[in-house]
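> Here you go, one structure.
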């Protein structure tokens, strides 16, 4: 048994606590007169209630109404509203402190117990006191209604417990009936007498030797439990006629303040001032578990009315907890779920038939009765299960062949160990905490192998045949238990549970609030955070993760897109997702099948994968609506698809503008018809150069000045002149004047000034533009002599606007018409043979979801380790995709030589094809043009190999040359002549050379490794592939080979330096770390640089290299050494020897001089490998591949048919 704390509050002394029946709320009564309302699920304080004067002691939520009641040392009882968070009214009548208050479960009553030695019952609807129960002769510490019967139990400091019968009170206050005048008078007198006639003492229980602090009824049995200042917990039983003491639980060392029955199990829970919370076995009356706080006395314990939660009030606040885990153990094998039910019986559930079997066996004999199992693992070959207990033990149980009921298992092997799980048909692993190792054991429980584990292990999970995931507090490590070594690791904190995808390619690592998605090799894909606690997860057949929190079922795509599928009324644990069905286990160990709508997440996944036929099918067949889908489509860059879901004009207008669809935007703008919408449409039309649409909008909106400017910029002179007339008709002086500038109409402009009364301006315009007649007329009109007018010394003619050179007005910019997307073509019916049938990807339902078993040959012999000179690790490196080991050679054909080779050259001009056809000169010219090849000697043997490799010969006598028989083609299923090509060695040969290079790198043979990588480059140069994926992979391998050659060449240069050249040695060690090597290989370079710089007191540089090293390897002896170096270097923080290396600057390394080429510095590149050189190296031979000329003009390597 373990206390799992779900929430804690820090405050002054808490005297009372109450759970809301349906919401995750808890009320806390504080000694400081405050009542707090907490959301214990979110850990947030919702409200404070500050109306009591003095300490608050009693609290209770109403079972159905949004109210609660409180009582305290101010002698009052207050009823509060949860809707308004205000006090509704106050009940007065008690003459001393009120200790407890509780609602009746059915009737509108409140019961209160007080230090005035009375128990009072109130009607909270009419706010009247309906009974006052007297009889105790000391403080009444507690009084409660019976859950179902008309009984009350009360506890007092007079050392007694009283059971009261209130059936008469119920009868009197039930539905009104006819009563005589005498009965009414009797009822009033009875109330004045304290209603003792309606509430009578049924039993008085004596046995405690000091005051009794608490008494509680059992929820279903005729039992009472009490706690007293005599430090004892007593159990009482009652019948219809008598009540008696059953037993006493001793163990508390101070006053017992509160005690209750466990609502669901045969347990008693008590708290006391000895700072302990104790759990007792109800059947045996023996202690089960004790939980102690260091400094806080407990004052009250309360149980949630419906779920397995408890709350305890103590000196510094409250704690909400549950006793032990409620997650049922389960394991999926093929189409069956094996699980442990609430009675600790193992059952199976068939997903195909949707039925649960009878129990196979009872597991009650394993472990402690109150401790839940941590996990189970199933072995189908032996039909057995491994059961992990909570106390560091496990049991191997062989199940009956057929479920026959809850029988005791015939074969049970128990031993010490944690996290036992099967990894093969006859092997399982278990963590031995004492030796800190993972032990591989046989079915006879004999240890066959030990794997040392350095850090604390939280759990171990099967990861496929022969592999396990070891979960550490800060990382997850994938181990190959057959070879006894790490395969990969991922830094992720506090992982609790793991879920593998159906195909085993992806894994979800779940902590309390985080899900991390990774590949099967623990390469990080995505990580997401949830506010609500994550409970379980399973992958559906389409590769979408479905997971549950406390109150939701949610989904997540690999790219991090997620959403809510369904709201849960109670916590469920997902075991399998199949189509629209989600199979779950509840906390009672029962199977529940939920129906969900997977349309939303399948729609999003199809959109991410660009599976447009599926997108179209889902749109047509499903009811996909809502802002969620629309905003998702908008965010994902598919506004044209979002338009299909929207009817609202505002949203359609926004989407059309985002998509650039002016036609739809215009239709919606006409519906909306407001100025802001038209303005936005104009801006978009102008941005797209659609002058005709902008013209139409300006006309409808009467924006004449903007329309004039539009005509000006588009060169529409005729319409621009008409705007002058329109302005005159409108008598708009400003518009008239503006149009004269646009039209260069100086005569009209001077006339407008004159008509406006500005004769000086009219005269100046006429004079400046040479209109002497008009100028004289204006002088005459002003009655001014020309000699009296002073003009500026220099005036230019006011032809501001150049006449357009275009002959025809521009209505639309000549834009390139965008191609229709697949989706748009499908909507328009432009896709032939489009089928949108509802086809769910076929999934083999018999495939194991989390099956750790297989037919592997498990070798118990120790596997030898490489004794490489680096001595820095022995991890292998995978390059690119896994390629076939054997090339499928085509059938041998024998046409005439000239015909066959001519067909090859006709079908492809790749260098490899030309070499195979024997056209060596043409091949050399092609290589020279593509990648600048000038040195042919290294390629000679590859020319010969390719030429001879695509031909077959007949063996002859030793003195004769072999006769050629035929040719080997690349494809044996070629049906047309234009697809006939020769066989050329493929990527498998390249991959073999790369792996050979990695091996020599690890063995510290840099010169041999360089030759291997260089040979891989030569192979790629004469390669032939037939798809884009292989082409991309080949170029990637070429870049990788270049980086390894560069890095190893730098290291060889460093080793060749003479002693005393420290600066250059440190520089080369630093430059080696800049080569883009595999992370595990880069650690070699980082360790060399770190050690050398630390040795020569370059502490700043050493700290940087140590930090980079720890990013790759965070545990183990080398990591510990790096951590020490970093700590020491950080404390010194200085460099003794300045070098030309800035770790934070962007630069490349010259492959000839091994010096940095910083950004914006002139450089040249090799056309084949892409390596960088200083400008002085131009026209020299490349140092990486040794066959091409640096800086030569080239078109790029072509290897794809």
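Start at 1 and count along the chain as shown; that gives each residue its number.
Every residue, even glycine, has its Cβ placed from backbone N, Cα and C.
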> Please find, within the list 842-862, 863-883, 884-904, the residue stretch that Swiss-Prot describes as region 'Disordered'.
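It is 842-862 that Swiss-Prot describes as region 'Disordered'.
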> Under 8 Å between C-beta atoms and at least six residues away from its ends: which parts of the chain pack against the repeat 'WD 5' (207-237)?
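Distal contacts: 138-139, 141-142, 144, 146-147, 151, 153-161, 163, 243-250, 252-261, 263, 268, 270, 272, 274, 278, 280, 282, 285.
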> Looking only at the repeat 'WD 4' (135-165), what is the model's average confidence as pLDDT?
93
> I'd like the per-state residue tally for the repeat 'WD 3' (93-123) from DSSP, helix first, then strand, then coil.
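Split into helix, strand and coil, the repeat 'WD 3' (93-123) gives 0 helix, 18 strand, 13 coil.
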> I'd like the per-state residue tally for the repeat 'WD 1' (9-39) from DSSP, helix first, then strand, then coil.
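Per DSSP, the residues of the repeat 'WD 1' (9-39) fall into 0 helix, 19 strand, 12 coil.
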> Grab the same-chain neighbours of the repeat 'WD 3' (93-123) for me: Cβ-Cβ under 8 Å, and only residues 6 or more beyond its ends, written as numbers and ranges.
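Tertiary neighbours of the repeat 'WD 3' (93-123) are 16, 57-63, 69-73, 75-77, 79, 129-134, 136-145, 147, 152, 154, 156, 164, 166, 169-170, 173, 195, 199.
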> For the repeat 'WD 5' (207-237), what does DSSP give as the number of helix, strand and coil residues?
0 helix, 18 strand, 13 coil
> For the repeat 'WD 6' (251-281), give the DSSP counts of helix residues, strand residues and coil residues.
0 helix, 18 strand, 13 coil
